[in-house]
Structure formats: structure tokens, C-alpha cells
């Protein structure tokens with residue numbers, strides 16, 4: 001009984017540590033975003049805004065009124081969504097073939113995907129920079145969507161084929177025996193079973209696209225297509241020792257909100273997708 | 001549409017040996033389904049990589065594109081004989097080893113806690129995904145400001161560090177700040193992978209070990225870890241290769257100052273900032289090759305170590 005209590009206390013402490021680990025830096029950046037510019041530049045060390053150092057919502061108002069920042073949000077949302085939709089469509093076709101059909105080159109597809117997932121992104125930036133300029137898609141939406149797609153495909157393919165492999169495909173035939181047409185059987189039986197997997201793959205893909213930085217800074221040169229992470233890093237100004245910290249913090253919080261909302265809504269699916277793709281794959 | 005064809009192909013397979021017509025049809029369908037994704041992946045990776053291989057043999061700068069001249073392997077020689085390349089390699093490898101070691105230990109501890117927790121499971125899983133969801137750039141900023149002596153809190157929280165200590169004034173302390181950000185962000189991912197591995201360790205075996213009088217440590221070393229080796233290997237491999245490409249955090253936190261540059265950063269600087277496509281391409285190829293070497297070493301290392309561990313157990 002003693003050990004029982006001990007392990008309960010241990011678990012309790014463990015939970016507290018995990019929560020602190022995950023939330024502390026987030027709380028910190030939120031706290032920073034409410035400090036006034038003045039308090040920050042004059043040096044106000046400490047976690048919370050000291051008395052008189054608060055800025056209310058003014059940092060947020062400033063950030064949201066900044067046209068470059070607004071443009072970056074639109075770019076990020078547009079590019080990430082388009083890349084996600086296209087990538088998931090292609091990955092679904094591929095994963096279906098991998099889970100369902102016997103064909104030559106199945107191993108090749110899976111290996112290619114794995115190698116690309118491990119590719120050092122920076123090593124492609126040079127040639128892509130050169131190619132995109134020749135093709136005239138440098139600093140445009142397609143110029144980012146295409147690399148995002150190809151780098152999210154591996155994750156989506158692995159996750160989806162792990163999901164699809166667990167679908168009892170015989171049910172489709174059973175439905176046909178019961179008098180459904182092939183299309184009806186597929187739509188009514190398989191699609192509902194596959195949908196959660198497809199959705200999970202979409203969330204993970206969106207994560208990746210939203211988080212990307214290397215392509216974002218090297219394949220754009222103006223606000224034409226520059227996504228949020230890149231825009232934030234260029235927000236810094238010429239003097240790296242005098243960054244507008246509280247303003248940046250507000251921008252960072254704004255850039256993080258969409259992702260955190262996704263996490264809060266879909267945590268179950270995300271965990272399933274991450275572990276299915278990596279461990280069972 | 002596709003499903004109809006697939007069904008027919010599948011139905012034809014029920015007798016064990018499929019007629020060659022059927023299997024050929026299935027093959028053709030599969031290739032059609034796979035082709036778009038495969039083509040896209042190859043266009044963005046294989047083709048540029050081959051082009052990098054080609055460009056690396058030239059003295060080629062975008063500031064003087066007409067002066068492109070073939071110089072053979074000179075770019076590689078330039079890179080490999082430069083101290084900068086090796087210094088950055090050492091930095092990268094050090095970051096990789098230290099962060100992955102911390103992530104593995106802390107991530108495993110987190111996984112053990114999460115494995116035990118029954119109540120509040122949803123809350124913990126949600127919060128553990130938050131660092132994963134936060135953009136790396138944002139995490140870099142958060143930690144940079146946290147470590148800043150002007151407006152951060154780290155100095156005042158650490159009792160053995162002076163309040164005016166400037167973390168970003170020299171190499172080692174800058175690297176600590178960079179690694180803190182990296183470890184914070186990716187440990188949760190590691191712990192989720194390990195949690196999935198933990199779930200595969202059979203409770204019966206643990207119970208049996210307990211009955212036989214094995215201590216907590218013995219159970220950990222003889223039962224849990226050996227049974228999780230696949231999950232651990234996957235987690236370490238993924239994270240190590242990820243850490244080897246470290247770029248975002250360095251760009252945001254130090255911009256490579258005080259010798260905190262990684263190999264990725266060096267490559268980026270040559271190509272994008274200085275437009276040196278020739279030497280930059282050579283660095284791209286070297287970066288790619290070194291990632292392969294790292295992957296190879298990890299796979300080898302794990303096989304040997306784990307086989308040893310198994311024989312002992």
C-alpha cells in the first residue's frame with residue numbers, strides 16, 4: 001500500500017512537471033506580448049509584466065494593423081491550405097494503392113518517401129532557387145506550394161497507408177454480396193472508415209506547412225508569398241540587439257493560435273496519426 | 001471509378017495464383033495511382049539533387065552568371081580543406097548528440113508518466129502537443145527572449161547565474177540557449193513515439209518479473225527497454241536526422257554569430273545570401289551525404305548494441 005501511495009505521488013509530480021514543461025514557454029511569450037515596448041527595451045527582466053510595464057492589447061493592435069504581417073497571415077493560410085488539400089489527395093491515392101493492391105515498385109515508393117522525409121531541406125534550396133527563377137515561380141504561391149507538397153507527401157503517405165492497412169476491406173465485398181453496387185459499397189463502407197485517417201493526415205500536413213521556415217525564407221523575396229514564420233524573422237529589423245521583443249511576441253502568439261486551436265480540437269487524432277505513421281509503418 | 005477496377009482486380013485474385021492479365025491490370029492501376037505523388041516527390045528532390053551534383057563542379061556565382069567555368073572537384077576540396085566546414089560539422093554533431101540524449105531521457109520519463117496516468121489523460125496529451133504545434137521560429141524567439149539579460153527571466157530564476165550574464169555573448173552559452181529551444185520543442189514528439197512503444201510491452205511479462213522479485217531498475221533494463229528497442233530506434237533515428245538539419249533556431253536566435261553556425265546554415269549562407277551556387281551546391285551534396293552517414297551509423301549502432309543487450313537478458 002505504501003508503494004501505491006508513493007507511485008501516486010510520483011505520477012502527480014510527473015504530471016506537474018510535464019504541464020510546466022509544455023506550458024511555461026507559451027505562458028512566457030504571452031506574458032511578454034502584454035509588456036509595453038518601453039518596459040522591454042529599458043530592461044524589465046522577470047516573467048510577468050512589472051507594475052506599470054503592461055501594455056494591454058496595444059501590441060496586438062499594432063501587429064494586426066501592420067500590412068506586411070497581415071499579408072503574411074494570408075499567405076500562410078492560403079499556401080498551407082492548398083498544399084494540404086493537394087498533398088492529401090495525392091497521398092490518399094498512393095496509400096490506397098499501397099494498402100490494397102499488389103504491385104511492383106511498392107517498396108520503391110515507400111523507400112523514396114522515407115528518404116525524402118529525412119532529406120536535409122537546405123541542400124535543396126540552392127538548386128530550387130535556381131530552377132524556380134528560371135521557371136518564373138520564384139516568390140510566388142506555387143513556388144512554395146510545390147516544395148511543401150513534396151515534403152508533406154511522405155508523412156501523409158506513411159500515416160495513411162498505416163491507417164488504410166487496418167481497414168477491413170472485406171466489408172466492401174460483403175456489402176456487394178448484400179446487393180450494393182461497387183461504388184455504393186466503397187462510398188458507404190470504406191469512405192467512412194478511411195475518413196478519420198485522411199483527416200489526421202491533413203492536420204499533420206497543415207502543421208508541417210505552417211511550421212516551415214527554410215523554404216519560406218529562401219524561395220521568397222517580397223511579401224508576395226512570404227509566410228508567417230519568415231515574416232516574423234524578418235520583422236527583427238537591422239539591429240539584432242534591439243529587437244522589438246514585445247511586438248514580436250504578439251506576432252508570435254497570433255501565428256501560433258491557429259495551430260494551438262487545431263491541437264486542442266484534434267489531439268486524439270494527431271496522437272494516433274503521429275504514432276501510427278512512425279511506429280507501425 | 002478507381003474502386004470498381006480495384007474490386008475486380010481483387011476479386012480475380014481469390015484463387016491463389018492470379019492470371020497474368022489480372023495482376024497486370026492491378027499493376028497498371030497501382031502505378032497510375034502512385035505516379036502523381038511519386039513524380040512530384042522526385043521533381044522536387046531527386047532532380048534538384050542531380051542538378052546540385054552538376055553545378056557543384058562549376059565555379060558559378062549568381063552575381064556573375066556568365067563566368068560559369070568548369071573546375072571539377074575544386075569546390076569540394078575548398079569546402080573540405082576549410083576549417084569553417086569542420087567547425088560547423090562539429091557544432092552540428094554536438095547539437096545533435098546532446099539534444100537527442102536529453103530528449104531521449106526526458107521523453108522516456110514523460111512517456112512513463114503518461115503511460116501510468118489514467119485520469120487527466122486528455123489534458124496531458126493536449127498540452128504535450130502544444131510544443132509540437134508551436135512554430136520553431138516562435139519557440140526560438142520565446143527562448144531567446146527568455147535567456148536575454150535585458151528582458152528575460154532565466155537569469156533571475158537560475159541562482160548560480162548573475163543577473164547580467166549575457167548568454168549570447170559567446171559560443172557555448174549561445175549553444176545552450178539554442179539547444180534549450182530545440183529540446184523543449186521536440187521532447188514531446190519523442191515522448192509520444194516512446195509512449196506508443198511502451199504500450200507494446202506486455203503487462204504479463206512485467207507482472208512476471210515483479211513476482212520473480214525484480215527491482216524497478218531491473219524491470220526497466222531487462223524487460224521494458226529491450227522490448228521497446230524498435231520504438232526507441234525509430235524515435236532516435238527520426239530525431240537525430242531532424243536535429244542534424246538544425247537551422248530555424250540558429251537563424252532566429254544567433255544568426256550564426258559566435259561560431260554557432262550549423263552545416264545547414266553554412267550551406268544556406270553560401271547559396272542564398274552570397275549567391276555562390278557552385279560552392280553552395282558542393283556543400284548541399286556534402287550535407288546530403290553526411291545525413292546518409294549519420295543515418296547509417298545510427299542504424300548500425302542500434303543493431304549491435306541491441307543485439308548485445310538481448311544476449312545478456
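Even glycines carry a Cβ here, placed using N, Cα and C.
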Among A:167-188, A:189-210, TrEMBL marks as transmembrane the stretch A:189-210
Range annotated transmembrane segment in TrEMBL (choices A:12-34, A:35-57) is A:12-34
Note: vs the transmembrane segment (A:12-34), the recorded stretch with the largest number of Cβ pairs under 8 Å from A:72-96, A:108-129, A:141-164, A:189-210, A:245-266 is A:245-266
Ranked by Cβ pairs within a distance under 8 Å of the transmembrane segment (A:72-96), the first of A:108-129, A:141-164, A:189-210, A:245-266 is A:141-164
